[in-house]
């Protein structure tokens, strides 16, 4: 009764007002799964390809070709297949595409179908998505990385790092973690306003004030944590997303906002120093995606005490992750479903990380929708951490609200990851 009888792809708009792909999958028993595909602003060179139309329509960002692939070739290939066989369905679509990066049909087309198939099958099974994907062991609520201050590609200010995040590691429950984050977010807003800074929010709901450098941003966050009544480090830690590929030029890290240029060793030492001066427990993309020597230097220097997350470095790709593990670089992978383009490959990346004692952080993209699938996947994989934006914008809050519901559903079985995510 789980045979796929219909697939409907459509073009909808994401949180930035750009087109994206949404897919409905209908099963023989009438069960329906719907998934919408996110889109990134700072994308790694090794990501699966998001198919865009080009031309004047939507200023070149239309996804009509990807939708056509969903309604045409993909439906013809997997229509009639049993939706329970997720691996076979995903492999069929990957083989149909026939390219190493899903550039013919589009990762946005393949992923939309892949996630919708899983959601339809969960509905047919009478199970929530996290339970269907993760089985009986899915019970860990992730620590949120809450993006409250922005720079880099996410802002028009002098700060070169892309994201400054808070992690409520000392909260007793996910619901409390969300409350703590909200209280700090609003305290920060008041502090910025009092200091004469702009408090408009960016793509991911964080503030983008005109601060001079990373230290100024970190000092504002520390003050806000304390003023909200929490202890920096013990109760609320800090995480960074440097997005270093964005300012890596000719083998150097060029901090245009600060007027500084650092080589790989100096970059590693700078980040390690910051982690010593502030309660920073996680640094994402501290080095450029192909600066393997820099990554090794950073890992040797800070890897025992700080979570070093590879985003552009690994692009949710199990093969690239295995290479990194063999090189001894980083100790964590950021998991973005649209970087790799199918549920099966996403789960493979998480499994590869966990087998090597690397952590995994489930993540949104800067262009999001009301789809809350990644909240379920964070619990399904027991990865213990989720990165899904600030405490503003409904496209971000949809994920937090879904996690609150999941914690409620799990009842006494629910466990908030808390301080288990802290290294050292």
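Cβ atoms here come from the backbone N, Cα and C positions, even for glycine.
Small disclaimer: the values here were computed from a predicted structure and weren't measured.
What Swiss-Prot annotates here:
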- 162, 336, 365, 366, 387: (2R)-2-phosphoglycerate binding site (BINDING)
- 204: active site, proton donor (ACT_SITE)
- 241, 284, 311: Mg(2+) binding site (BINDING)
- 336: active site, proton acceptor (ACT_SITE)
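Projection of Swiss-Prot feature records onto the structure.
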residue : record                               : DSSP class
162     : (2R)-2-phosphoglycerate binding site : coil
204     : active site, proton donor            : coil
241     : Mg(2+) binding site                  : strand
284     : Mg(2+) binding site                  : strand
311     : Mg(2+) binding site                  : coil
336     : (2R)-2-phosphoglycerate binding site : coil
365     : (2R)-2-phosphoglycerate binding site : coil
387     : (2R)-2-phosphoglycerate binding site : strand
Given the binding-site residues 162, 366, which one's Cβ is surrounded by the fewest other Cβ atoms within 10 Å? 366
Nearest by Cα to the residue listed as 'active site, proton donor', of the binding-site residues 284, 311, 336, 365, 366, is 366
Check the Cα distances from residue 311 (Mg(2+) binding site) to each of the binding-site residues 162, 336, 365, 366, 387 and keep only the ones within 10 Å. 336
Inter-residue Cα distance where the pair is residue 284 (Mg(2+) binding site) and residue 162 ((2R)-2-phosphoglycerate binding site), in Å: 10
Would you mind sorting out which of 336, 365, 366, 387 (the binding-site residues) have a C-alpha within 10 A of the one on residue 284 (Mg(2+) binding site)? none
CA pair residue 365 ((2R)-2-phosphoglycerate binding site) / residue 241 (Mg(2+) binding site), Å rounded to integer, equals 13
Going by C-alpha distance, which of the binding-site residues 336, 366, 387 is nearest to residue 241 (Mg(2+) binding site)? 387
For the Mg(2+) site (241, 284, 311), what does the 8 A shell look like? I mean other same-chain residues with CB within 8 A of the CB centroid. 162, 163, 240, 242, 243, 283, 285, 309, 312, 334, 387
